[in-house]
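Here's the structure we're looking at; comments come further down.
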Amino acid sequence: MADEVILLDFWASMFGMRTRIALAEKRVKYDHREEDLWNKSSLLLEMNPVHKKIPVLIHNGKPVCESLIQIEYIDETWPDNNPLLPSDPYKRAHAKFWADFIDKKVNVTARRIWAVKGEEQEAAKELIEILKTLESELGDKKYFGDETFGYVDIALIGFHSWFAVYEKFGNVSIESECSKLVAWAKRCLERESVAKALPESEKVITFISERRKKLGLE
């Protein structure tokens, strides 16, 4: 019997992008269901009753929540194509450290640029320093996993579609400050899995501009 795979998602979510990319890298066919985050479906509330958030990966009726956990699950469940995590225990731990860093540092700081009035400039400066730390880790490698596109790349690349948002509202230039990281992002976008998962930056800017108006930030 064929696997039934459903992804509850939202187009602009960098976390949903992670799961889309991982599934594409593994060539897993799935039913993509776009959620209305302001009118969540009964299926989403049933499958993720704790956080009530997307993305939710449903595999044969069983939910897997949180995007980094989903990447691991996908890698272990469909091991044949394109390994996403290193097999070496140390390299695996190292990759998990940086993915955790991205969630705790990049996401939290970047959100302040567009969602908190009066903190845009300060948060943008902090974000640049965080991205420079990631740029140092990348070094001269093709990907964060050397020659292999994988876990850390997937964890970070979705934020690239939001870079224009951070630049617009934070009044910074990520390309001039972190040119190596932007070059890495362009390499990632050459992969079909990434190109199809990431929305156009202008679409994200329009969405966030509308959200800011509704939140009374503009």
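Note: Cβ is positioned from N, Cα and C throughout, glycine not excepted.
Remember, predicted model here, so these are calculated numbers, not experimental data.
As written in Swiss-Prot, here are the features:
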- SER13, MET14, ASN39, LYS40, LYS53, ILE54, GLU66, SER67: glutathione binding site (BINDING)
- 3-82: domain 'GST N-terminal' (DOMAIN)
- 88-215: domain 'GST C-terminal' (DOMAIN)
- THR148: phosphothreonine (MOD_RES)
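Each residue of the domain 'GST C-terminal' (88-215) gets a DSSP state, and the totals for helix, strand and coil are 100 helix, 4 strand, 24 coil.
Mean pLDDT for the domain 'GST C-terminal' (88-215) in this predicted model: 97. Around the Cβ of SER13 (glutathione binding site), a 10 Å sphere holds 19 further Cβ atoms from the protein chains shown. Cα spacing between SER13 (glutathione binding site) and the residue listed as 'phosphothreonine': 24 Å, rounded to the nearest whole number. DSSP states for the domain 'GST N-terminal' (3-82), grouped as helix (H, G, I), strand (E, B) and coil, give 29 helix, 17 strand, 34 coil.
One residue stands out among the binding-site residues LYS40, LYS53 for having the most other Cβ atoms within 10 Å of its Cβ: LYS53. Each of the recorded positions SER67, THR148 was scored by the number of other CB atoms within 10 A of its CB, and the lowest score belongs to THR148. Largest Cα to Cα distance within the recorded glutathione binders SER13, MET14, ASN39, LYS40, LYS53, ILE54, GLU66, SER67: about 21 Å as a whole number. Of the listed binding-site residues MET14, ILE54, the Cβ environment within 10 Å is emptiest of other Cβ atoms at MET14. ILE54 (glutathione binding site) sits 27 Å from the residue listed as 'phosphothreonine', taking the C-alpha atoms as the reference points. Same-chain residues at least 6 positions away in sequence with a Cβ under 8 Å from that of ASN39 (glutathione binding site) are not found in this chain.
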